[in-house]
Amino acid sequence: MAAIIPENAHAGLPEQALPRWRRAVLKVGSNLLAADGGGLTLRYADALAGFIAASQADGRQVVLVSSGAVAAGRALLRQHAADGSGLAARQALAALGQAPMIALWQSLSARPVAQVLLTHDDLRNRRRYLNARATLRELLTLDVLPVVNENDTVAVDELKLGDNDNLAAIVAALVDADLLLIASDVDALYSADPRRDPAATPIGHVAALTPQILAMAGGSGSAGGTGGMRTKLEAATKAAAAGIPTALFSGRDAATVQALQHGRLHGTLIAAASSRMQARKYWLRHAPAAPGRIRVDAGAASALAGGRVSLLPGGVLGVDGEFHRGDLVEIVDADGRPVARGLSQYGAAEVRRLAGRHSREIDGVLGYSYGAEVVHRDDLVTVGEHVIPGKETTA
């Protein structure tokens with residue numbers, strides 16, 4: 001399924017509108033960065049960097065998930081007549097190749113580039129998850145291009161097929177992206193393997209990723225990377241469950257990449273299972289909450305009921321019970337009536353110390369800060385009788 005396509009292949013693909021987006025995660029496969037089987041090359045990265053720059057100039061935010069470190073490391077070892085195989089060697093290659101990979105993206109970006117190395121454990125652990133999200137948010141606020149990769153050097157499990165495809169989907173959910181873009185040497189999902197079936201046709205839109213659709217993808221990946229079309233669809237499944245659509249397209253066709261800047265997709269669009277707001281609202285509203293709760297004053301209760309605001313320390317009256325940083329907590333008014341639910345950026349003991357304080361006092365009171373908000377608006381849903389009709393929402 002992962003057939004290499006000609007440079008002008010977009011002409012034979014159905015054109016469709018790209019979903020409107022403000023924040024996107026772009027995953028770039030190793031076959032685009034080490035396309036000749038050697039070290040890193042600018043051949044295809046240049047057009048993708050141009051898309052990122054144009055998007056940033058339009059006020060949009062992009063998080064880049066980039067493969068290529070292992071390929072870059074292997075090329076460096078070959079220069080010294082050495083190579084490696086096996087997990088430990090592959091981890092060493094990844095460590096060796098991180099620097100040239102980041103240098104490549106920095107050479108193509110007028111904005112600063114920041115390296116972010118994650119493991120799946122970081123994203124499963126709630127506290128580390130929140131720290132990673134806070135860091136990525138701050139980098140985007142600073143107008144920096146975050147370049148994310150898996151921290152292969154410390155991974156304890158063997159590298160799985162499509163790891164960075166799946167990592168990109170997880171990062172998309174992590175940063176509340178509106179869109180997941182996957183660029184590779186594959187131009188679209190086909191009805192059959194076009195290398196073996198001349199009657200195979202590209203599929204422009206997938207409404208739902210059924211077992212039959214997944215079966216179309218096969219399982220093979222490229223020689224330089226760890227993933228094929230099936231892993232891309234698995235990543236799209238994860239993104240869809242989080243309410244995020246996925247676009248698959250060829251990063252080898254400059255015209256296809258340029259069309260993205262104008263909101264046009266030549267490739268496959270995989271729809272979200274539900275809207276992002278619905279998916280987040282359901283989880284925040286129905287997931288088990290910690291036993292503790294945060295009491296807020298009338299002003300904070302009214303503001304939260306209106307939607308699109310964060311809970312700041314100044315609106316906090318006190319805390320009942322205990323909870324940890326990252327726990328899902330209930331927010332109630334002075335009479336104990338439910339106002340909202342959300343993920344607390346501080347533990348119960350910390351919130352008690354911050355109650356009634358101004359956000360600028362946080363560092364002075366605690367000696368550190370996880371942010372100006374006790375509960376960020378991105379992690380909050382309004383509930384109960386305080387909800388203003390038409391304003392029941394998550395940020």
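Positions of Cβ are set from backbone N, Cα and C atoms, glycine also.
Just so you know, TrEMBL annotations are computer predictions that nobody has curated.
The ATP binding site feature in TrEMBL is assigned to LYS27, SER184, ASP185, THR226, GLY227, GLY228, MET229, ARG230, THR231, LYS232. The secondary structure of MET229 (ATP binding site), as reduced to three states from DSSP, is helical.
Per TrEMBL, substrate binding site is recorded for SER67, ASP152, ASN164. ASP152 (substrate binding site) falls within a helix when secondary structure is assigned with DSSP. Here the Cβ of ASP152 (substrate binding site) has 23 other Cβ atoms within 10 Å, regardless of which shown protein chain they belong to.
Residues or ranges marked as domain 'PUA' in TrEMBL: 292-375.
Relative to ASN164 (substrate binding site), the binding-site residues with Cα atoms inside 10 Å are LYS27, THR231, the candidates having been LYS27, ASP185, MET229, THR231. In the three-state DSSP scheme, SER67 (substrate binding site) is classed as coil. Each of the binding-site residues SER67, ASN164, THR231 was scored by how many other Cβ atoms lie within 10 Å of its Cβ, and the smallest score goes to THR231. When averaged over the domain 'PUA' (292-375), pLDDT in the model lands at 96. Taking LYS27, ASP185, MET229 as the binding-site residues under consideration, the smallest Cα distance to SER67 (substrate binding site) is found for LYS27. A straight line from the CA of ASP185 (ATP binding site) to the CA of ASP152 (substrate binding site) spans 23 Å.
In terms of local Cβ density within 10 Å, LYS27 ranks first among the binding-site residues LYS27, ASP185.
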